[in-house]
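According to TrEMBL, the features are:
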- 1-15: compositional bias 'Polar residues' (COMPBIAS)
- 16-32: compositional bias 'Low complexity' (COMPBIAS)
- 604-615: compositional bias 'Acidic residues' (COMPBIAS)
- 672-691: compositional bias 'Low complexity' (COMPBIAS)
- 70-114: domain 'F-box' (DOMAIN)
- 154-341: domain 'F-box/LRR-repeat protein 15-like leucin rich repeat' (DOMAIN)
- 1-40: region 'Disordered' (REGION)
- 604-630: region 'Disordered' (REGION)
- 666-691: region 'Disordered' (REGION)
Amino acid sequence: MPRSASRNTASTTPRNPANSRSSSGSSSPAPAENEESDFFAAGNESESSLGVPNIQDMRVDDDACLPPVHRLPNEILISIFARLSSSADLLRAMLTCKRWARNAVDLLWHRPSCSSWEKHKKICQTLSLSDPYFDYRHFVKRINLAALAPDVSDGTVMPLSECNRVERLTLTGCNKLTDTGLVALITNSHHLYSLDVSAQPPLSTVTSNDHITDASINALAENCPQLQGLNISGCHRISNESLIHLAKSCRYLRRLKLNDCGQVQDEAVFAFAENCPNILEIDLNQCRLVTNAPVTALFTQGTALRELRLANCELLDDEAFLALPSNRTFDHLRILDISNSMGITDRAIEKIIEVAPRLRNLVLQKCRNLTDAAVYAISKLGKNLHFLHLGHCSHITDDGVKRLVASCNRIRYIDLGCCTNLTDDSVSKLAILPKLKRIGLVKCANITDASVIALANANRRPRVRKDAQGNIIQDHFTTMSSLERVHLSYCTNLTQASIIRLLNSCPRLTHLSLTGVQAFLRGDLEQFSRPAPAEFTEHQRSVFCVFSGQGVVNLRRHLNNILAAEYHESREPSAPRNAPPTASVVSQILPPELAFADGDVDAAEMEDEEGDDTAPDGPAVAPPPASNPVIPVVQQAMPAHTGVDNAELEPFSFVYPPRYGPLSAMAAPAGPSSQTPNPGSSGTSTPSASQATIVPAGHAAILAQVHNQTAAGSSGNAAVTAAAATSNDPRPHVPLAHLDATATSEQIEQVVDQQNVALSSGT
């Protein structure tokens, strides 16, 4: 048979797929029966159905030889570099290799730091390079020159005008900057969405920027259609016409601050209300020409208004809010400031609460026509209310405040300065607010030490604790006071004793104002007070007394040291050095009405309220009854877990005495248990000087009388006995002479109660 015929025969002969060993190629000849497998055949022209790798599968990829860090995708590298907090670290990453440099350069130049003139100079020099490795001008997204503000001029910003992708431009307080420099920055920044050219803050001598005019606002309207935030506070030469042009061109505007722009009129506000429906925040503070109608339009035509500040808009009255539709609520509104609006009455507040039930911050200071009716309406906000300023609302009484506290238990800041009708009754209710951090009671002349003691005990109440298994621990646990700022200036009835109590009970306190409080107008305390503002008169300087930050810590330590010195000077000559003060010294430290107040707890149980409720199991201690008196103690050592500096609390604190065990068990020595005998008492041992003890001062005072019977005399016993005979105490009278170092706590408390009865009866 010819070769061609055999070839054709082979190609047309059907194959049995079950026993075929051929490749998948349709043109491949069928192998002979006795032929070896083509597993290693090099002529296979297609992918084998048996999974044999081809040349492409067997090639060696260079990436497999690279370290893992070099095989990371660019997105992962950028995410890692973005977590570097220091620009110096980013620079080091850029210098590692070219690939890292390409992924880190954008982050490094995203917001170049212009915190000094030297840095500003380097940035400008780099941007002006003729042939840079990277085109840095495209990477700059944010420019902030506020740190150099006093000396920033047009020449300062001209080199930065090359940056054509700036999104945020902060020029706060750059009062020497004119339209020339600002227009140059704006013209190339088509992606700009935030601009701040506000004047210096009011505390500065310069409060306006008169170099920015309509030219800058018109350039902004023409070149920055995506603008979302604008702050031109204090720019007095910007007209209403340019603002209207801006409102029509920048319809995405969301935040607008026109603070102290007294030239702004209703037309400009109407333009923003009509053309910018997505406004979230608008500040019209001191825009004294604005009336009711545009304010109503901001509510009705906006869709997401969250903050509205209308302080010192003197032409506002109730009609601005009474015109709001009753069938619509503005749930987005969180902050409203209508301070110093004499035309606002209770009716307006009631309407505001009705249409904005989720208000969180409400500032109504110097709305002098408000009464308790307004406070009753505000109380309907309930848990939503966090911040309330009612300063100078002199018609408010205790009834309104008590209703407010009963309904709004999440208040963190409340200012009731110059509410002269308030008394201790309402302040005591305010003190129970669990989250209270700041309170203002300036010129509330009717409040006394009782209010301060209530504030000192604020937030110190039992709280449930659980162990690791979730079981409730049946011991007494109390949170610490959350107070941070307390304003008590011109509360003339306050004494030093209550302020000391406040200082020692509030370790988080960072601000305390006591201007005009006679007890603190002392030369030795001036060193801890802030300096008076420069604009104050001589008389104002003489009564200025405000402690902030470290000044509060130093004041606390100084007053406690004075009390410690008084104690050591007045203690008995034979008394051991670590003994607590006598009864007379205790009365000097705190009067009885201040010392015996409910709410104090053992210092060993004080923990940060931010901590975890889960605690390891420990020996259960029965909590003291709420009616038991608090007895001051001397504390030389504070448990480390309280988070309070020992030096700040030395030497006086206030704790409950334990309700079990003899008096000898109440001393908790911190050092070795060695004791030295007291030469003055046969066989009686006293703690050594190296031991730090915690002894109830009231008990120690009684024991001091036991050891000084000749000095204390029988007159004290007779007074206590007579008082006990007329009291209703069912317990048998325990003479003072029967108390010794083994007396039980119950016996000593009985004598303390009997002494109090004797004092109250005038014996």
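Along the chain as shown, the residues are counted starting at 1.
In case you wondered, yes, glycine gets a Cβ from its N, Cα and C as well.
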Open item on the list: How about long-range neighbours of the domain 'F-box' (70-114): same chain, 6 or more residues beyond its ends, C-beta under 8 Å?
Closed with: 63, 120, 123, 134, 136, 139-145, 147-148
Open item on the list: DSSP-wise, what's the residue breakdown of the domain 'F-box' (70-114) into helix, strand and coil?
Closed with: 30 helix, 0 strand, 15 coil
- [ ] Find the average pLDDT over the domain 'F-box/LRR-repeat protein 15-like leucin rich repeat' (154-341) in the predicted model and report it.
- [x] 93
